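The following features are taken from TrEMBL:
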DOMAIN    23-287  domain 'NADH:quinone oxidoreductase/Mrp antiporter transmembrane'
TRANSMEM  60-80  transmembrane segment
TRANSMEM  151-170  transmembrane segment
TRANSMEM  177-195  transmembrane segment
TRANSMEM  201-221  transmembrane segment
TRANSMEM  233-254  transmembrane segment
TRANSMEM  274-293  transmembrane segment
DOMAIN    289-342  domain 'NADH dehydrogenase subunit 2 C-terminal'
TRANSMEM  325-346  transmembrane segment
Amino acid sequence: MNPHILTTLMLGLGLGTTITFASSHWLLAWMGLEMNTLAIIPLMAQHHHPRAVEATTKYFLTQATAAAMLLFAATTNAWLTGQWDILHMSHPFPTTMITLALALKVGLAPLHSWLPEVLQGLDLTTGLILSTWQKLAPFALLAQITPTNSTLLIMLGLASTFVGGWGGLNQTQLRKILAYSSVAHLGWMILVLQFSPSLTLLALFTYFIMTFSMFLVFKLNKSTSVNALATSWAKTPILTSLAPLILLSLGGLPPLTGFMPKWLILQELSKQDLPAVATIAALSALLSLYFYLRLSYAMTLTMSPNNLAGTTPWRLPHNQVTLPLAASTLATLTLLPLTPAALALLTF
């Protein structure tokens, strides 16, 4: 893609998210979300592959539906209450509709079915943008309308943690596994959103770091399926030995960074007298942990099937910049001891 066009599209992505962040009026927030959608569509279809065009079409139709629902709900709220302000969502009907529209935008269960199919049709770089940056604007709106949707948000969160874990069990494509991983992590964030928005922000930040690291590992190895992971050891042995730790951090095992948000979320749910919700969420995390362990096994404990003994793939020099990968991997593995500092910042 032409560098000038790419720069324009990336600036459009940033501007759309910034407009949504800065808006207090529903029409302005809707405009920012639309700018976001329109800026990423050319990035998704840039390779002109039929699968990429199919994924782009599915994404466009889904986002257009969610945007139409959001605009209709905002108009209904203005009709019922006379208010266009985001913070003045007092009527339950438009508030519920906007929550569902934003859940469709980010891919929360049971409105998640578009996300694995879309992510599977994209290259890893665009998939990374879709899994991280595109979640920011809808989450900023969800955080502002949460006080009236407690039961709905808990139902969406529990459904997402279960669907995200269950859906990834039988997958062989890495991008679909990462999509279901995204659904499960979003479920954890939604569970605690109404009680502690700052804790949701911490969980979103750590999810971004871990997902960024995992996408870059797959991009460096040029791996898109579980079977392709078996050749990773011959290509990048040091990175392959670190990759299971990144996966286990995504699963939330101590003493890795991914344990921090899950631990704090379970603690907060217990404080809010929701022990049953906390228990179900903790059990659903075991489903996700299974397919992370499966990927770790495929990457480090299996050998690629070869017709000739001793045949290894070519170790061609790569020109990818590895500094972002090194920084995100370090953060993915070692931030747990900074939990008290994170809590102090959140309560400041």
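Just so you know, glycine gets a Cβ as well, placed from its N, Cα and C.
The transmembrane segment (274-293) makes no contact with the transmembrane segment (325-346), as judged by fewer than three Cβ pairs under 8 Å among residues 6 or more apart in sequence.
The transmembrane segment (201-221) makes contact with the transmembrane segment (325-346): 3 or more of their CB pairs lie within 8 A, with pairs spaced 6 or more apart in sequence. Tertiary proximity for the transmembrane segment (233-254) is limited to same-chain residues at least six positions away from its ends with a CB under 8 Å from its CB atoms, namely 181, 185, 210-211, 213-214, 217, 220-221, 261-263, 285, 288-289, 292-293, 295-296, 299-300, 303-304, 312-313, 315, 325, 329, 332-333, 336.
Long-range contacts of the transmembrane segment (60-80) within the same chain, counting only residues at least 6 positions beyond its ends with a Cβ under 8 Å from a Cβ of the stretch, are 26-27, 30, 33-34, 37, 41, 89, 91, 93-95, 97-98, 100-102, 104-105, 114, 118.
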